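*Asks:* According to Swiss-Prot, the record shows the following:
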type     : residues : note
SIGNAL   : 1-20     : signal peptide
LIPID    : Cys21    : N-palmitoyl cysteine
LIPID    : Cys21    : S-diacylglycerol cysteine
REGION   : 24-88    : region 'Disordered'
COMPBIAS : 32-44    : compositional bias 'Low complexity'
REGION   : 158-179  : region 'Disordered'
COMPBIAS : 160-179  : compositional bias 'Polar residues'
Amino acid sequence: MNFSKSGLVAVSLAALVASGCSTSRFSSMDDQQPAPLQPAPAGQVTSNQLPPPASPGSTDPSKFPTAPANTQVASLPPDGQAPAGASDLSAAAVAGVWNASVSGQSCKIATPQTKFGAGFRAGPLHCPAPIDGIKSWNVAGKQLTLYDENGGSLARLYSSGGSKFDGQTSNGQPISLTR
């Protein structure tokens, strides 16, 4: 018996089509209907009166409350002065990924050694303002400075030893970088 290849292919396809039509896999989908939804509970909506607003004239909405007394705020020395014990920095020592803490909020900052503007490119990841605007960084002596897209300083930090930097943002928020 001599069978041609095309005849064998035709018989195989016919068998495949016939077997596909006889399956019951798809017929069971038509028989099952979803369970009916339970009706939402019927109830009555009630309303209450809002408390009356503060009496007019008792407070002036345009005035801020007085600042609390005896507050202690940590600060860095004025610009250009490094804290005692701060070490000289190099770009290689700063390059990498840092865990940043800005006023108690955490994020990550990447500081690769890719040249960008007057320093190196930087990339914040899920950072709060103003640190979310970091575009570059550079070191000068003992100081690490983080810059925005216009070259304005967003934060100045100094090495606190090991793999840690402490400083403050341009608006006075404390910031630290750790690895």
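Yeah, the Cβs are placed from backbone N, Cα and C, and that goes for glycine too.
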*Asks:* Taking DSSP states H, G and I as helix and E and B as strand, how many residues of the compositional bias 'Low complexity' (32-44) are helix, strand and coil?
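*Replies:* Its residues divide into 0 helix, 0 strand, 13 coil.
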*Asks:* By DSSP assignment, list the helix, strand and coil residue numbers for the region 'Disordered' (158-179), in that order.
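*Replies:* Per DSSP, the residues of the region 'Disordered' (158-179) fall into 0 helix, 13 strand, 9 coil.
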